[in-house]
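Scroll down for the structure; my scribbles are underneath it.
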C-alpha cells in the first residue's frame with residue numbers, strides 16, 4: 001500500500017508565498033523578488049486606477065451638473081474606496097519591498113530551522129500554516145463568490161429582465177452606454193477593472209494576513225523553548241547552558257517585537273486607508289440600497305462588512321498574542337529558581353512585554369474588534385437617519 005509523502009511545513013509556507021506572488025504579480029507588484037522594481041505592468045495598473053478615478057469624476061459631473069441628480073455622488077463613490085485601498089497597498093508595499101522580504105524570509109527561515117526539529121516545534125509550525133492557509137482560502141472564496149456575483153448581476157438583468165444594469169457605478173466619456181455596443185464596451189471595461197482590482201487587493205491583503213497570523217508563531221515557539229528552559233533549570237547541573245538558553249529566549253522575544261514593529265511600520269497607513277474607505281463605502285452602499293440605485297449593492301455591502309471585521313480581527317489577534325506572551329513569561333517561567341543577575345534579565349523582558357506593539361490605523365485608533373464595533377454603531381446610526389429621511 002502506497003503512503004502519501006508528508007508535506008513539510010516549510011513547503012506549505014512556500015506554497016502560500018507562491019500563491020500570493022502570483023496574485024500580486026498579476027498587478028506588477030511582486031515585492032518578493034529581490035530584484036523588484038516598478039515596471040510597465042505596475043504603471044499600467046496605476047494608470048487604470050487613475051482612469052477609474054477620472055471616470056468617477058466624469059460620472060459625478062454628468063449626474064449633478066447635467067442631470068441635476070445629487071444621489072449620483074453616493075452611487076459613484078460606493079466602490080471608490082476599493083480603488084483607493086488597492087493603490088495604497090501597491091504604493092506602500094512597493095516602497096517597503098525590502099522590509100516585506102525581510103519579514104517573509106525571517107518566517108521562512110523559522111520554518112526551515114524548526115521544522116526539522118520535529119516534536120512540539122513541528123506541531124507549532126503545522127498549526128500556524130494550517131490557520132494561515134484556511135484564512136487565505138476563505139478570503140479567496142469571499143472575493144470569488146461576492147465579486148463574481150457583482151459581475152454576473154448585469155448579465156442576469158440583461159438576459160432575464162431585459163434591463164441594462166452597470167457592473168460598477170461609473171461612465172466613460174464619449175461612450176454612449178445606452179446603445180447595445182456602448183453598454184457592452186462599458187461592461188467589459190468594468191469587468192477588467194474589477195478583476196485586476198480583485199487580484200491586487202487580495203494579494204495585498206494576503207501579505208498582511210500572512211505577517212500578522214505568523215506573529216503568534218514566534219510566541220508559540222517561545223513557549224516550547226521556555227518549557228525546555230524550565231526543565232534544564234530544575235536539573236540544577238548545567239548553569240552555562242541555562243544562561244545560553246536564557247539569552248536565546250531574550251533574542252526570541254526581541255524577534256517577536258521586531259516583527260511586530262516592522263509589520264506595523266509597513267501597514268499602518270494601509271490599515272488607516274482600509275478602515276476609513278471601507279466605512280465610506282459601507283455608507284454609500286447602504287444609501288444605494290435605500291435608493292434602489294444599484295441591484296448588486298447588497299453583495300458589495302456584505303464584502304465591505306466582511307473586510308472591515310476581518311481586518312479588525314487581525315488587530316485583536318495581535319492583542320491576544322501579546323497578552324499570552326506576557327502571561328507565559330510571568331506564570332510559566334521559573335525565574336525564581338535563577339540567580340539574581342538572571343532574574344533581572346527576566347524582569348527586563350517582562351517589562352518590555354507589558355508595553356508591546358499593537359497594530360493601529362496610522363496611530364489614530366487601535367485595530368481591534370472594539371474599533372469595528374464602534375464603527376458599526378456609527379454606520380447603523382447613519383442608516384437609521386437615512387431611513388427616516390427617505391421615509
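Just so you know, glycine gets a Cβ as well, placed from its N, Cα and C.
Per Swiss-Prot, the topological domain holding residue 34 carries a different name from the one holding residue 334, which places them across the membrane from each other. Here Swiss-Prot gives transmembrane segment for one range in the set 227-247, 248-268, 269-289: that range is 269-289. Swiss-Prot assigns the feature transmembrane segment to residues 46-66, out of the candidate ranges 25-45, 46-66, 109-129. Of the candidate ranges 3-23, 192-212, Swiss-Prot annotates residues 192-212 with the feature transmembrane segment. Tertiary neighbourhood of the transmembrane segment (141-161): same-chain residues 167, 187, 190-191, 194, 198, 201-202, 295-296, 299-300, 302-303, 306, selected by CB-CB distance under 8 Å and a gap of 6+ residues from either end. Just going by CB pairs under 8 A, the stretch in 46-66, 165-185, 192-212, 269-289, 298-318 that sits most against the transmembrane segment (72-92) is 269-289.
Long-range neighbours of the topological domain 'Cytoplasmic' (290-297) within the same chain, counting only residues 6 or more positions beyond its ends whose Cβ lies under 8 Å from a Cβ of the stretch, are 71, 74-75, 78, 149-150, 153-154, 157, 165, 167, 169, 386-387, 390.
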